Amino acid sequence: MGDTFIRHIELLGYEKRFFPSQHYVYMFLVKWNDLTEKLVYRRFTEIYEFHKALKEMFPIESGDINAENRIIPHLPAPKWFDGQRSTQSRQGTLAEYCYALVNLPHKISRCLHVVNFFKVRPDDMSPVTDSQIKKPEVFLLPKDAKKNASDITGPIILQTYRAIADYEKSSKSEMALKAGDMVDIVEKSESGWWFCQLKNKRGWVPAAYLEPMDGPDESEEQEPNYAGERYVVQKSYTAVEEDELTLTEGDTIEVIHKLLDGWWVVRKDESTGYYPSMYLQRSGEANTPEKSELRNRSIPPRRSTIRNAKSIHKQSRKQISQETYRRNSRKYIQSRRNMKANLQNKANIISEKNEQEENKSKAQPAVPPRPSKDLIMNRCTESTRRKIM
């Protein structure tokens, strides 16, 4: 076994291709121990042949000797004819298979057979295609549907974006761009890094360098939420620009605007500013190895720092000033304080009323007047009358 091994395999979906004939390939994002991420394509028949060879290499773990010892996951055999329906319905099983595979003992999950099968091949970098025939159709598997294969999306043609400036990559997992390049978006991450493909190249690109073809992209961004969502700072950052915030690991803040370039507007007390979203984690959420790994990546550049950016749109992106964020935040915070004060006053009034009613209920009953001697002689028993005589 070598030092290289796979940490995670994520099924992204599948492609319907039309050259040299119609067929289907599954798309996998393979994350390696050197923190690189590679996109590979495999037919199901290839995956099944890989699975059969793996079982032969580890007969005990595959249950061939004793079924009770089986730990290698099951994988159904391919059908005589694999169409789109079977390709789609198989995704849930295949996603679970990959998850189980990388979590097997190291002698299996890190063996050369597994490592070599998921290594990038030349046709992964340059898929066989023909410009005279239909462009491949991509069917993505939504993140919230990976446990339910019935929720697979319909046919998706990937969104095309344009590079607004030259970008030089700084790691192997990124992709360099020239101004005007047209890229297809495979995955949009909240971190501000998007996984793109350009002809035979694929890699991560800062979202700040991309613009949609039909106009400024603020329509894709959420509106500011001045109520704020509670997040915890997982990694410290020192502000470089005036409109950024310096925060320390462990700080609790409120996110008030999530922006596509991965720089979110956050509020700490009454101060607001930009902060890298990849360094934040929603309050109460558990940490994961994937999130920890993401924080070790470089921060994507902000839109405002891109020099020589050239948009094809006459209308530029709208940008909210920090003064507007601060002013609206102060208004919201003040209204929240007033609401709390009103609720407290109402609670005090109700408490006072309850206390008064409780005091009334505790009051002693009045003592009735002593009956007169004539009344006793007329109405009481002989025994009582003797006592007053």
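Just so you know, glycine gets a Cβ as well, placed from its N, Cα and C.
These features come from TrEMBL:
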COMPBIAS  352-361  compositional bias 'Basic and acidic residues'
DOMAIN    4-125  domain 'PX'
DOMAIN    156-215  domain 'SH3'
DOMAIN    226-285  domain 'SH3'
REGION    283-302  region 'Disordered'
REGION    309-329  region 'Disordered'
REGION    350-389  region 'Disordered'
The domain 'SH3' (156-215) [mean pLDDT, rounded to integer]: 86
Secondary structure content, the region 'Disordered' (309-329) (per DSSP, counts of residues): 8 helix, 0 strand, 13 coil
Hey, which bits of the same chain come close to the region 'Disordered' (283-302), Cβ under 8 Å, at least six residues off its ends? 7-8, 31, 35, 170-171, 191-193, 206-209, 230-232, 234-235, 237, 241, 252, 261-263, 274, 276
Residues outside the region 'Disordered' (309-329) whose C-beta sits under 8 Å from one of its C-beta atoms, at least 6 past its ends, are 162, 164-165, 179, 211, 213, 215-218, 224, 226, 243, 256-257, 265, 267, 270-273, 303
For the region 'Disordered' (283-302), the DSSP helix/strand/coil residue counts are 6 helix, 0 strand, 14 coil
Counts of helix, strand and coil residues, the domain 'SH3' (156-215), according to DSSP: 3 helix, 30 strand, 27 coil
